[in-house]
Amino acid sequence: MYVNYIGLFAFVQISLTLAYPPGRVEISEIYDFEESSSYKGQDIDTSVLYTLSKRKPALVKRSTDASYAPFNVTCSNDNLLRPASEGLNEGEQSYINKRISKVNSELRSFISKTGLNVDLDKVVNSSDGPRLGIAFSGGGLRAMVNGGGAFNAFDSRFESDSPLSGLLQSAMYISGLSGGSWLVGSVAINNFTNITYLRDNVWNLEHSVFAPHGDNVIENLNYYNDLRKEIDQKKHAGFDCSLTDLWGRALSRKLVDAERGGPGITYSSMRNQSWFQNADYPYPIIVADSRLEEETAIPANTSIFEFTAYEFGTWDNGIKAFIPMEYVGTHLLDGVPPDKSCIHNYDNAGFVMGTSATLFNSFLLDWNENVKKNDTYYDILHAILEDLSKHQDDIAPYPNPYQNYTTSNTSVVNAFEPYDTIDLVDGGEDRENIPLWPLLHPQRFVDVVFAIDSTYNDPYGWPLGSSIVATYERVVTFNANKSVDVRGFPYIPDENTIISLGLNTRPTFFGCDGKNTTAGNHDVDNNTPPLLVYFPNYPWTYYSNISTFTMSMDDKMANGILENAFMSTTQNNNESFAVCLACAIIQRSLERKKLSTPTQCSSCFQEYCWDGTLATSTASVYDPTVMSAATTSRAPSGTTSGTASSTTSSSVASATPTHKHWWDSIFEAKENP
């Protein structure tokens, strides 16, 4: 991993000005410099940078037309909170209603293409046809790019043939958290464009957010100056700023196709884009976790918050209520703004994606276990991180819309009652690194979920099923007392079984029998938990198990991960696997309508469904090897088939840089999902 010294130091400089009040620490502003400066392109050390930063500007500072600052508007309704008991938001329901005919048409086309022998008029019809959701896990750039490869496999716009082509267009919902939120958010906010365009024109993968202009010192300084000015706009408007503001503005420049990452572009503004107005693609949802001020770790029953184009809120615990997305940032008392005015522009697209990915903040707070006290940067990093932790700046603060709010379930306490702000953190910090939760609510009637798992599990960075185990445990533990509102979940085995049986070496189906789930042995209906299709990251053609904190990729790495994910998702373009996915998609519809299972599907379920077997011995350490060529029609179980590379993922050079920097110990110290 490579992070430029100059970029990192400037990042810390700006963070210091945010963390410390005037008078405690004086850090001069970073100025623009003339392009003809003698320092242009030089790899100067940080002491020179600090001297440069104190100079007078050679040019007038660049201006920003759009402001990052939230502002006041007249509220459209006195009571802004919508109770979850009302079901779906009216706007979301309208979107889904408009999309039903398009989804059914795409599903019919896909199923017909597979040759599955089924009566489509009975299985795919009206609003009771199959509903597909696709969930993209967290995991930094690894998750964004690996998820992008799976996205390509499902997308009919992708230039390479895929037997799964059209499944993206067949989906009703798409969700993402952390690195997966970068994928979902970047696609959605850029008019639901395709991955190839984003990779080539927007993501700028070859350069880190610390130094997006490589070794060009002048441009990097201008970049940080722009970040500083944008955050100052929000701060001067009277709003608390956190490290997430800085992170979000930096991320925006890699994810939003607009000048300086669109400081005035909001997440809710996607409603104005043509794809959204036409309901052409799945409805996007971004996920974050809540953390109370006194908590240092995320409890298993934390409230999971979701961001959609129409609203922000949670279906969980003592809240179960939503505020319109365009009014996020408005402080409410019992659902009403005290001064009859609302905040607008707080739902900045970059800030939302940064909120779902505050894991970056967490790694900074773990630095002190790894940086030596005699290091050049010890004092300055120690000072900023100590202050950030003390002031809860390792989170994303949102003005609290839930003060004095009581739901109809008075037996459950509103945990956010005492606080002026709600603190949100990375959506994977509760161990549920795949955003399945929004797709389990009964109001959305999702029949099947594709879970794209790019999680980094120890020891070698491949997913071991920990995320789906965590979701299963949350459902079993908390659904019974009605503190959460989901339909249940398929039974999921322990991680040892997942590894021992090779369930993480290929796509695996869970919950194939709708009568055998945590919801109990009942006739299958719209309240039955969805069937889960688990797609783990696996080395078909490339070692894609790079660190979560990898900040840049060259073309070889990016293309390698994209291709590997495509091959893993399609099972080497296996048309038989496409038939089995069609079976998974229609299974709940067949069960609900009491239709017989096609013979082809029975064979598929024998091959891909977990049959309830539990491992009785301890699994070996999971360290798969990459295939030098994809020569088989399906992924191996336990060991690779075909011609295998002799290099294991634990030693692969392409995923581990040979040139190490002092900060690498920080990034590698606590490899989270």
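Just so it is clear, glycine is given a Cβ too, placed from its N, Cα and C backbone atoms.
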To which residue among N481, N526 does Swiss-Prot attach the annotation N-linked glycosylation site?
N481
Glycosylation sites compared (N301, N516) - the one with the fewest other Cβ atoms within 10 Å:
N516
When the number of other CB atoms within 10 A of each residue's CB is tallied over all shown chains, which of the glycosylation sites N72, N404 has the maximum?
N72
Just counting, how many other CB atoms are there within 10 A of the CB of N194 (N-linked glycosylation site)?
18
So among the glycosylation sites N191, N545, who's got the most Cβ atoms within 10 Å?
N545
Provide the number of Cβ atoms within 10 Å of the Cβ of N574 (N-linked glycosylation site), excluding the reference atom itself.
18
Using C-alpha atoms only, work out the spacing between N72 (N-linked glycosylation site) and N404 (N-linked glycosylation site) and round it to an integer in Å.
22
For N404 (N-linked glycosylation site), which of the glycosylation sites N125, N191, N194, N516, N574 has the nearest Cα in space?
N191
Of the glycosylation sites N125, N194, N516, N545, N574, which sits closest to N272 (N-linked glycosylation site) by Cα distance?
N194
